[in-house]
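*Asks:* OK, TrEMBL features for this one:
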- A:29-59: repeat 'PPR' (REPEAT)
- A:60-94: repeat 'PPR' (REPEAT)
- A:161-195: repeat 'PPR' (REPEAT)
- A:262-296: repeat 'PPR' (REPEAT)
- A:297-331: repeat 'PPR' (REPEAT)
- A:476-568: domain 'DYW' (DOMAIN)
Amino acid sequence: MLRRCTQLRKINEGRLVCAHVLKSMFKHDRLIHNTILNMYAKCGLMDEARKLFDEMPVTDMVTWTTMITGYSQNNQSDGAVALFPQMLRMGLQPNEFTLSSLLKALGFWPSDKCGRQLHAYCLKYGYCSNLYVGSALVDMYTRHDRIDEAQSIFCLLVNKNEVSWNALIAGYSRKGEGEHALCMLQEMLRAGFEPTHFTYSSVFGALSATGSLEQGKWVHAHMIKSGGQLIEFVGNALLDMYAKSGSIEDAEKVFYRLLRRDLVSWNSLLTGYAKHGHGRECVRKFEEMLRRGIQPNDITFLCVLNACSHAGLLDEGQYYFRLMKKYNVEARVVHHVTIVDLLGRAGLLDRAKKFIEEMPIEPTAEIWGALLGACRMHKDMKLGAYAAERVFELNPNDSGPLVLLSNIYASAGRWGEVVKVRRMMQKNGVKKEPACSWVDIENKVHMFVANDDSHPHGKEIRKMWEEVSAKIKEIGYVPDTSHVLFFADKQERESRLQHHSEKLALAFALLKTPPGSTIRIKKNIRVCGDCHSAFKFASKALDREIILRDTNRFHHFHDGSCSCGDYW
DNA sequence: TTAGGGTTAG
């Protein structure tokens, strides 16, 4: 009966059985005690499990293993790790159950030192070939960012199953390595294993990081063919993959086809709308969610506030920020950052500063960074310099504020100040992250770096961009050289501007794709104002839809305008 | 009587 209650997580009935048993002739039975411990652990009641454990007159290896497993499954790694040496001191030998549970806990440990020690123990006592221990080792190493070690343990596993494959694929997914995750899925299929919901949610998660729409569609089609159902975990990952790969339409379709919708489903859709600049749709959907009685969490509010900020919905954003209290959701630093962003983008820089000064939490580098970004947008040098100083005080290693500050000076043509900031960056060893763009052509990813002359098709690409540039200048494009960072004359600044990575990627895509097809480009940093303007004109002059994903959001360029309404 | 793998925000 206790086992039945444990399986069904029926804790109230379990407690009744417990009370009865502990008054009966079995009250000193160790086996019964172990079963009760397991029931408490599975129901998440580790305090009660611990109380019983401390009161038990006699314990055995299973008792300790059950406690370690309980702590591990309830995300209480310290509890699991503390028990292990005590268990050894008692002279109890751990078995494969103990080791796999402890390894799971060690995946969440601050360093990999204990994990490596336990790995050595497993080797010494011959447990590494055990399926459970081996899979747990793979998982532990991937969580400590040691995917090579995980891969070699996985390769040495003679008997593999779906779980061992999933542990490795999830590892690649957490690292954002979509290509590797996909390769492993293909290998898994070749080896004759059937992917599970765990596999699909990991792979979709990995592909959402790389934004590979075609590959994502292939995996989705495979899942449908093999009869996979759209239950929450996998459906939410699929929805998110479509939203992050640039197809909000497919994300919506998945949302409506989900068998059940939980909070993550709603949050993922809202995030998708926010990233694609569908601010009003995001707000409408959020209102629908509230009408349906679904309790929002901090992530929901963050999505909605972001959407309001990006869509310029000033009043709505402030209203929803106040609404958080009504729903008992605490406003964290990130929510405050969004409000600074909201006010700042709307040009209310003084109000944004006042908001920072009056907010109940201590301002962080991110808060001042949001104000600095707004100052960049509205070319407010004085407040921008003040915000940049605050960011730099709080986070001297971040190159972001100095880059933004030098941009502010560059926009105003204050080249002397630009040089000073750049010297400061050199002095502090701060480097700007190099800008890269990627474009998928026929399932192959092509990367472009700003001002890079080494591409094999470099000449053709530049020639193509010159043609595009001439066409868009005819219909009104004027290069905005304020986005060039360094000291140079006008002609050189204009020439540098023409070699931004996203422009090179667009030129290459124009060379390699049929007329009229949609072009999808990804960028590792925020798109610059000049490229944004050039892409708008290009979408009209060339009659092409261009979808650009940058670090913050998607830009859909069509017929001379962008989905962000120039407000990003 | 005891075990290993998955989704959303910044």
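Every residue gets a Cβ built from N, Cα and C, even glycine.
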*Asks:* What does the DSSP secondary structure composition of the repeat 'PPR' (A:297-331) look like, as residue counts for helix, strand and coil?
*Replies:* 27 helix, 0 strand, 8 coil
*Asks:* When secondary structure is assigned with DSSP, how many helix, strand and coil residues does the repeat 'PPR' (A:161-195) contain?
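*Replies:* Secondary-structure composition of the repeat 'PPR' (A:161-195): 26 helix, 0 strand, 9 coil.
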*Asks:* Please list the DSSP helix, strand and coil residue counts for the domain 'DYW' (A:476-568).
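*Replies:* Breakdown, helix to coil: 36 helix, 16 strand, 41 coil.
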*Asks:* Using DSSP, how many residues in the repeat 'PPR' (A:29-59) fall into helix, strand and coil?
*Replies:* 23 helix, 0 strand, 8 coil
*Asks:* Which residue counts does DSSP give the repeat 'PPR' (A:60-94) for helix, strand and coil?
*Replies:* 26 helix, 0 strand, 9 coil
